[in-house]
Amino acid sequence: MADLDTPRSAYPSTRMRRMRRDDFSRRLMRETTLTPNDLIWPVFVLEGQGQCEPVPSMPGVERLSIDLLVEAAREAHRLGIPVMALFPVTPMEAKSLDAREAFNPDGLAQRAVRALKDAVPELGVMTDVALDPFTTHGQDGLIDDSGYVMNDETVEVLVRQAVSHAEAGADIVAPSDMMDGRIGAIRAALESAGHIHTRILAYSAKYASSYYGPFRDAVGSAANLGSGNKYTYQMDPANANEAIHEVALDLAEGADMVMVKPGLPYLDIVRRIKDQFGVPTCVYHVSGEYAMLKAASLNGWLNEKAVVLEAMVSMKRAGADGILTYYAKEVARWLSE
Ligand code: PBG
C-alpha cells in the first residue's frame with residue numbers, strides 16, 4: 001500500500017506541451033532550419049534549341065535544351081539555389097561500347113557547363129561523372145565479354161570525363177559510378193592539370209536502388225540497360241558498415257564532400273556518416289522519391305507542399321548539408337512565401 005501513502009500531484013510536473021503552445025515558442029526551440037542554401041537542383045539536358053520535353057514518370061520535370069537551361073538557371077539563381085547538377089540525355093547515335101562521348105570537349109554536358117558559367121557565373125555548376133548515358137548497354141562503366149563492369153579500365157575513362165568537365169568550367173564534379181579508386185585518380189588528374197579548385201562530391205554510399213527507375217527513363221538509359229542491374233558496383237541496401245568504409249576511402253582519396261543516395265530510406269546512413277566524419281554530406285532525394293510524392297499529391301492524397309517540406313527538413317535533421325532534389329525550385333519558392 002506504499003503508493004497510497006506517498007503524496008503526489010495528480011498532474012505532470014513536466015509539460016512538454018508548454019513550449020508547443022504558441023508559434024513564438026515553437027519557432028524559438030526549432031532545431032533544424034531549411035533554406036534555399038541547402039538545395040542542389042538536378043536537371044536533364046537535351047540537344048537542340050527551344051526543346052522542352054516532359055518526363056512522363058516525373059510529372060513537372062522537363063528535359064531542357066541548353067538555351068532553356070540557361071533561362072532556368074537564371075531563375076534558380078534568383079531563388080537563391082546555390083548549385084545546379086547536370087544530367088545529359090545522349091542521343092542514341094552518340095552512345096558506344098567505349099563511351100568516348102563522355103569526354104568529348106564539345107559534348108552536351110561540356111557545352112551546357114560553358115553556357116551556364118558564361119550566363120550565370122555565380123551559380124555553382126556540378127556534373128555527373130559516370131558512363132551510363134554514353135554506353136550502349138547502359139552500365140556506368142566499360143564491360144568485358146561476360147558483361148562484367150571492368151574497374152580500372154572504367155576509371156581511366158572517368159578521369160578523362162572529369163577533366164573535360166573541369167576544363168569546361170565545372171565547379172563540382174560528382175562521380176556517381178561507384179568504381180573503386182576513382183576519387184584518388186580523378187583528384188590526381190585534376191591537380192596535375194592545374195584544376196586545383198575543382199571540388200569533388202563523391203557518391204560514396206550509392207545503393208543499388210529500385211528508386212532510380214524514373215531517372216533512367218529521363219536520361220534514356222532504361223532501354224539500354226534492359227533487364228541488367230548494377231549489383232556488382234552499387235551497394236546492397238542491406239548494408240550500413242560498408243557505407244562508412246566507402247566514405248573513409250573517398251575522403252582519404254581526396255573527396256571534398258560525400259553523398260548518400262537515395263534519401264529518405266537511407267537517413268540512418270546520413271546520420272552515421274555525419275556523426276563519424278563531420279564532413280560536408282549531401283543526400284540525393286532521387287527520382288523515385290519525387291515520383292511517389294508527386295503521384296500522391298496529384299491524386300489529392302497528400303498535401304504536396306507540406307510533405308515535400310517535411311521530407312526536406314527530415315533530411316537536414318538527419319545531418320545532410322546539401323539536398324539534391326527535383327523539387328528544388330518549388331521548395332525555394334515555398335520558403336520565400
Ligand atoms: C547514374 C545515375 C543514376 C542516378 C544518378 N546518376 C542512376 C543509376 O545509378 O542507375 C539516379 C538519380 C535519380 O534516381 O534521381 N550514374
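Each residue, glycine too, has its Cβ placed from N, Cα and C.
Pulled from TrEMBL, these are the features on record:
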type: ACT_SITE; residues: K206; note: active site, schiff-base intermediate with substrate
type: BINDING; residues: E246; note: Mg(2+) binding site
type: ACT_SITE; residues: K261; note: active site, schiff-base intermediate with substrate
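The two recorded residues K261 (active site, schiff-base intermediate with substrate) and E246 (Mg(2+) binding site) have their Cα atoms spaced 13 Å from each other. Its Cβ taken as reference, K206 (active site, schiff-base intermediate with substrate) is surrounded by 27 other Cβ atoms within 10 Å in the chains shown. Across the fold, the C-alpha of E246 (Mg(2+) binding site) and the C-alpha of K206 (active site, schiff-base intermediate with substrate) stand 10 Å from each other.
In three-state terms derived from DSSP, E246 (Mg(2+) binding site) belongs to a helical segment. Neighbours of the residue listed as 'Mg(2+) binding site', defined as other CB atoms within 10 A of its CB across all chains, total 22. For the recorded site, K206 (active site, schiff-base intermediate with substrate), the DSSP three-state label reads strand. Classification of K261 (active site, schiff-base intermediate with substrate) by DSSP places it within a strand. Other Cβ atoms within 10 Å of the Cβ of K261 (active site, schiff-base intermediate with substrate) number 23 in total over all chains.
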